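These features come from Swiss-Prot:
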type	residues	note
BINDING	38-45, 172-178, 197-201, 266-269, Ala322	GTP binding site
BINDING	Ser45, Thr178	Mg(2+) binding site
DOMAIN	30-347	domain 'G-alpha'
REGION	33-46	region 'G1 motif'
REGION	170-178	region 'G2 motif'
REGION	193-202	region 'G3 motif'
REGION	262-269	region 'G4 motif'
REGION	320-325	region 'G5 motif'
Amino acid sequence: MAFLCKSNDNTKVSMEIEKSIKDDKRTFLGITQVLLLGAGESGKSTIFKQLKILQENGLWTTKELQEFSNTIYINIITQLQVLINAAESIGIQLQPENIQLSKDYLELNHSSVTWTKEIGENSVRLWNDSGIKSTFEKRDKEFQLNDSAEYFFNNLQRVTQDNYIPTPQDALRARVTTKGIIEADVTFDNINMKIIDVGGQRSQRRKWIHCFDKVSAVIYVAGLSEYDQALREDINVNKMDESLSLFKEICNSKWFDSSSIILFLNKKDMFIEKLKRVPFKTYDKKYTGENSFEAVSLHIQRKFESVKIDPNKKIYTHFTIAVDTENIEFVFKVIKKIIVGHVMDLV
């Protein structure tokens with residue numbers, strides 16, 4: 001009987017130790033940090049905003065949505081100004097009745113102007129100008145617009161209404177440069193994560209070093225549709241080349257030896273449309289495959305994954321559409337398992 005008693009005691013101790021280990025793992029998982037990185041305009045901040053929707057079942061408050069209004073108005077003004085300047089540079093004439101209007105519109109200072117009904121009406125009038133429309137068709141080849149420009153141009157009638165309140169989709173597409181470090185605590189299936197979004201422009205990257213401690217995973221976002229675009233900071237540098245170079249640096253960094261590397265090849269929807277207008281061979285002269293999404297996307301995926309030095313390092317790649325909540329929700333469910341599994345292995 002004494003033997004059985006001792007055995008039961010050992011079993012009890014063993015169970016307590018096991019429980020303690022599980023509790024420690026839960027505690028460790030409770031501070032899981034995920035770093036969201038990528039070059040400027042890759043769409044990573046849009047993915048960050050998606051977390052708000054996923055975390056609260058899409059329940060952005062009316063007040064929170066209204067806060068995006070000014071950003072959207074600024075987006076509209078600046079992008080129409082880009083079109084007006086591009087039309088003049090290319091040599092496309094606007095309709096005679098809109099020439100003076102376009103000059104006045106260029107005088108608007110987006111950083112200080114207050115949106116009015118008149119500005120809204122003038123924005124609609126300019127967007128409907130045949131010369132502006134012709135200029136718009138030459139985007140990417142002659143000049144660059146924000147990814148969300150077409151979306152807001154096509155929704156100008158709604159956006160310029162007096163009682164306008166941005167929709168969640170409007171908020172997702174509102175373009176604002178991330179400066180500094182933004183954090184969000186999110187929970188997926190009882191797993192707590194701290195998502196850290198850091199500005200992707202070159203001037204912001206020096207701040208990344210402060211985020212490298214105890215990172216369980218790095219989500220790197222690269223824009224698929226940017227293969228024919230130049231950096232805003234340096235027009236002599238191709239965006240995809242810059243993104244690839246940056247990913248190589250991150251993938252092989254000593255800081256992330258024990259971190260999961262998750263690659264989001266983003267803007268899949270825009271990439272599919274871009275291929276119809278701009279063949280991939282215009283960027284990669286050595287590419288000899290078909291100009292289809294399947295062929296080119298696989299080529300790009302292999303190109304990114306080939307930069308790792310350690311052959312045993314796993315890169316988890318996903319094709320994403322940052323403005324599609326269902327797509328991001330599905331992807332996050334997949335990567336949650338990757339992150340949790342990776343962290344559990346380390347404990």
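Cβ from N, Cα, C; glycine included.
Separating the Cα atoms of Ala322 (GTP binding site) and Ser45 (Mg(2+) binding site) is a whole-number distance of 9 Å. Averaged across the region 'G3 motif' (193-202), pLDDT for the predicted model comes to 72. Minimal Cβ crowding within 10 Å, among the binding-site residues Ser45, Asn266, is found at Ser45. In the three-state DSSP scheme, Asn266 (GTP binding site) is classed as strand. Val176 (GTP binding site) sits 9 Å from Ser45 (Mg(2+) binding site), counting Cα to Cα. In the three-state DSSP scheme, Ala322 (GTP binding site) is classed as coil. Assigned with DSSP, the residues of the region 'G2 motif' (170-178) fall into helix, strand and coil as follows: 4 helix, 0 strand, 5 coil. With respect to Cβ neighbours within 10 Å, the binding-site residues Val198, Ala322 differ, and Val198 shows the lowest count.
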